[in-house]
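Asks: Annotated active site, nucleophile per Swiss-Prot: 175, in sequence order. Per Swiss-Prot, FMN binding site is recorded for 62, 63, 64, 65, 66, 86, 139, 172, 217, 245, 268, 297, 318, 319. Marked as substrate binding site by Swiss-Prot: 66, 111, 112, 113, 114, 115, 172, 177, 246, 247.
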C-alpha cells in the first residue's frame, strides 16, 4: 500500500487538517466503485458477541468518523465493525483549535476535540445511505451545554434516533474533554443513567421489534475499587457490554516529549499497558457476565493479542490506524 508515502505527506500538516483532507478524499469514494482504491481482502474470523455475529474481531474505534461520512470506504479496508460518533443531540463545534496533537516518538495522540459533530439527525442520514456489510456501532454522548444533571436526557434522545440503524449503541461517559462527563461513571449518577438507558432500550425493543445491545465506554483513569463498582453496576443493570478504554489524562510514559503538556486525552501506544490492565481487572471481576471490547494502544498484532489475552472479546484501533494505515487491519485480522 501507498500509506507510508501518504503518511509522510500528511504528517507535515497540522493533525486536524490532515484528518480533514483524508476524510474529504474518503468521502468522495465512499459508496462508489472507487472504493476499490482502499479495498483489501481480509479473512473471515467470526466472533459472536452481545448476540451479534462479527465477521472478524477488529473494529474502528469511535472518534475517527464522528458523523458517519465514510462508513463504506472504511468498511472496504476490512474492519469487522465500525463505531461512528461520538454524536450528540444537537450539532456543536467542539473545543477551540488547535485541539489535536501528535506525539510521534511515542506513537500517540493527544486530543481535546470536545465531541465536535453535526448532530444525531445528520449522522442517521449518513448511516441510512451506507452499505457496510459489517456491524455498525453508534457512539452517543451529551452536548457540552447540557448540564450534567440533565445529561441522561441527551443519551435517551440519541438512543431513540439511532436505535433502528445501529448494530449496537455505545454510551460514552468517559471522554475527558466534556466538563463533568466522567462523573457519570460513578455512584448514583451511574445507576440513574444505566436504569434510564435500560428502560429506554426495553421500550425501543418493543416498538421496533428488534434488540440492539448497549455497551458503556469507560475511562482508564480509575482505581481498582472504582472499576469493581462500575462492573457491578453494569451487571446489575443488564448492560450488554463494556468498552475499555477511552483516552487517559495520565502522562507518565510521555514525560519530556513534545506536546506532552497539552490538555486532553492521550491515546496510542502510551495507553496500551494501562488499558490492558483495566481489561484484565474487569475480566476478573465480570467473570464472563458481559463481554469486553478492548481498545487503547493497539498498534500491532502482539498488542491486539495482549488485549484478547487479558479478556477482550473484540478489539478496536484508532491511533494505531493513523500511524500505520490500513495494512494494520490486515496484519491483525490475518493472524489474530
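Heads up, the Cβ atoms here are built off N, Cα and C, so glycines get one too.
Could you give the neighbours, burial and distances for every feature on this list?
Replies: For residue 175 (active site, nucleophile), the same-chain residues that are 6 or more apart in sequence and have a Cβ closer than 8 Å to its Cβ are 86, 115, 141, 181, 182, 246, 247, 265.
Summarising the environment of residue 217 (FMN binding site), the number of other Cβ atoms within 10 Å of its Cβ, over all protein chains shown, is 26.
Residue density at residue 114 (substrate binding site): 19 other Cβ atoms are found within 10 A of its Cβ, drawing on all protein chains shown.
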Asks: How many other Cβ atoms are found within 10 Å of the Cβ atom of residue 66 (FMN binding site), counting all protein chains shown?
Replies: 21
Asks: Which residues, sitting 6 or more apart from residue 268 (FMN binding site) on the same chain, put a CB under 8 Å from its CB?
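Replies: Listed in sequence order: 103, 106, 107, 108, 109, 297, 299, 319, 320, 323.
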Asks: Near residue 64 (FMN binding site), which residues of its own chain have a C-beta under 8 A away, given they sit six or more steps off in sequence?
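Replies: Listed in sequence order, they are 74, 318, 321, 322.
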Asks: Long-range same-chain neighbours of residue 62 (FMN binding site), Cβ under 8 Å, sequence gap at least 6?
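Replies: When sequence neighbours closer than 6 are ignored, residue 62 (FMN binding site) has 83, 84, 85, 86, 137, 139, 170, 172, 217 within Cβ distance under 8 Å.
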